[in-house]
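Asker: So TrEMBL lists these for the protein:
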type: REPEAT; residues: 111-145; note: repeat 'PPR'
type: REPEAT; residues: 173-203; note: repeat 'PPR'
type: REPEAT; residues: 204-238; note: repeat 'PPR'
type: REPEAT; residues: 266-300; note: repeat 'PPR'
type: REPEAT; residues: 328-362; note: repeat 'PPR'
type: REPEAT; residues: 426-460; note: repeat 'PPR'
type: REPEAT; residues: 497-531; note: repeat 'PPR'
Amino acid sequence: MPLFRHYRHVLKLSAVYPCLEQLHHSFYSHAKQNLGAVGKSNTGSTSCGVYNHNVKISRLGSGGLVKEARKLFDEMSQRDSVSYASMITVYLKNNDLPTAETLFRELPDRNIVAESAMIDGYVKAGRVDEARKIFDEMAERNVYSWTSLISGYFKTGQVDEGSRLFDRMPVKNVVSWTTVVLGYAQNGLIEQAHNVFNQMPERNVFAWTALIKSYVDHGQIDEAFNLFHEMPQQNPYSWNIMILGCLNEKRIHEAIQLFNVMPQKNAVSWTTMVTGLARNKMTKLAREYFDQMPNKDIAAWNAMITAYIDEGIMAEATELFDLMPQRNIVTWNAMIDGYARNGPEGEALKQLILMLQSRFKPNETTITSVLISCKGMLELMQSHALAIRLGVEHETSLTNALVTMYSRIGDVHSASLAFDHLKFKDVVSWTAMILAYSNHGYGYQVLPVFARMLRSGIKPDEITFVGILSACSHVGLVEKGQKLFYSMSRVYGFKPRAEHYSCLVDILGRAGQMEEAMRIVNEMPPNECDSAVLGALLGACKLHGDVRMADEIGAKLIELEPSSCGGYVLLANVYAAGGEWDEFAQVRKKMKERNVKKAPGFSQIEVKGKNHVFFVGDRSHPQIDEIYGMLCQTVLPAMREMGYTQDKSPLLV
């Protein structure tokens, strides 16, 4: 019998190997035994040489040395089907499916190892139809080829086809059964998974843990506990799954009990406890476990640092950061994000510089955190320049942050440039640009951007509509604003919230449609009628001098927020604008009696990287005379020429 055909015969008899490694190992072991009996004939020497080369190719591939393996393959004076199978397997192990495909097509004589390897490669790439084509053409099949294809069907959601193939499978082993259990569970069909589990003639630890994990992943902790206690012998993995499941479902006491009685705790067990407790905001308890850890891995350090950052305790986070024996990109990103959220100002950028000095390369997440911390144009431009230098300026989440931050400091032009250069725009990108235009008085730019968004196939969200409706209010698009408001529920399927009602009331109020605005307020859900909605209508009352409606709305607003100055100020300003001085005095008296104080208004400007803040009536700035001189001589005359008329009513400011 020819040597390779003899190998195929043996594989057919033994074909019960659960993975390709075992299959390949068996193939070579049998070859070696047969070659030992060949003697010193020329044929034997040649076969032995080919065999040795095949083994070397496999070893090189296992070490990731693909080029070296291919060089050896190309230099072989004689190759057999095993040589091709070995090289194909090397490519697949190193995630090079296209080259494996090319070599498979060149295969002079297909064999079960190469075919099974290609089926597995196609399955891992999600190309199940191509895997099935090879499977159907196979002269002989083994457990591995059956199991790989069944796994592919379950992974791609083709549960019925995977189940039918499993039923047809002539010889099943424990790996096949476990694959189906896991396949059902991953598709959310836990009852079917449990039924298959109950039918298994033999259950290994992987089958038990696969089903336990499935229950845990779906939050069914009690069912997972039942299986866990039935398990003949628990391993550390099953213990860790149960502990993690309890922590995820906030069953902290049970997680602690399990951990305390766990016979053998490994690094994963300790890290699971620390990260789980930290995630549940139990930072003090997490720290106790962290301090007890015999060997602290970097994930546990990062979990504790993040927990402190989330609570705004930067001193403790910094202390741990300084004590860490080793850091990674996650550590640095956590610290930079912490300083971006919790201050002090400029510290996030300083941490980024330290990160660069430590020879860590920032990524998109790093720069995004730094951008969010920027308070002025200078910091923002420095961060943007660094993003360009690192080649991450076109990453979607980073550009979204750029658009938002440029908009926040009033540079809409730069926000627009960043947005236009973004290749892959998501709903956050479009919404950020819509809000930038809307917030800075470019209302007529908003609707064309919204139209482009819809044409691109991106569905707007609730925040998108806040920007659109706000823009309609500012430019007086009453009918368009109303249509867009009602399209939220009719077209896009989400209910308007308080901020949307506030925009609609503002649209109607600015247009003088006071009765319609009042009707909206009276008919909207009570839980959505907040101070923003009532404030928008009260502002419209002042604009149109509707004192009667202001009485009613002002009373509601003050009743809703009796300790906030907003309702009192708005109502008093309406009375002052209408010359109702007695009512104006009553509001001020009520504020005094209730000890309600209005914070003074202020404006802020950045000049050469320094922020200057001006409060109402404040004359403390060292250049105040020059500032007022410019206002009176240049700014106010220019504003009057543009049609601005000053409201000289004595308002409560």
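Including glycine, each Cβ sits where the backbone N, Cα and C put it.
Heads up, TrEMBL stuff is auto-annotated, nobody curated it.
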Asker: Any idea what the model's mean pLDDT is for the repeat 'PPR' (497-531)?
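Answerer: Mean per-residue confidence for the repeat 'PPR' (497-531): 88 out of 100.
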Asker: In the repeat 'PPR' (426-460), how many residues does DSSP put in helix, strand and coil?
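Answerer: Breakdown, helix to coil: 26 helix, 0 strand, 9 coil.
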Asker: Going along the chain, which residues at least six beyond the ends of the repeat 'PPR' (497-531) come within the CB cut-off of under 8 Å?
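Answerer: Same-chain contacts beyond the ends: 462, 465-466, 469-470, 472-473, 476-478, 481-482, 485, 488, 537, 539-541, 543-544, 546, 549, 553, 557, 560-561, 564, 566-567.
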Asker: Using a Cβ cut-off under 8 Å, which residues of the same chain at least 6 positions beyond either end of the repeat 'PPR' (328-362) come close to it?
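Answerer: Non-local partners: 298, 301-302, 305-306, 308-309, 312, 314, 317-318, 321, 369-370, 372-375, 379, 382-383, 386, 390, 392.
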Asker: How do the residues of the repeat 'PPR' (266-300) split into helix, strand and coil according to DSSP?
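Answerer: Per-class counts: 26 helix, 0 strand, 9 coil.
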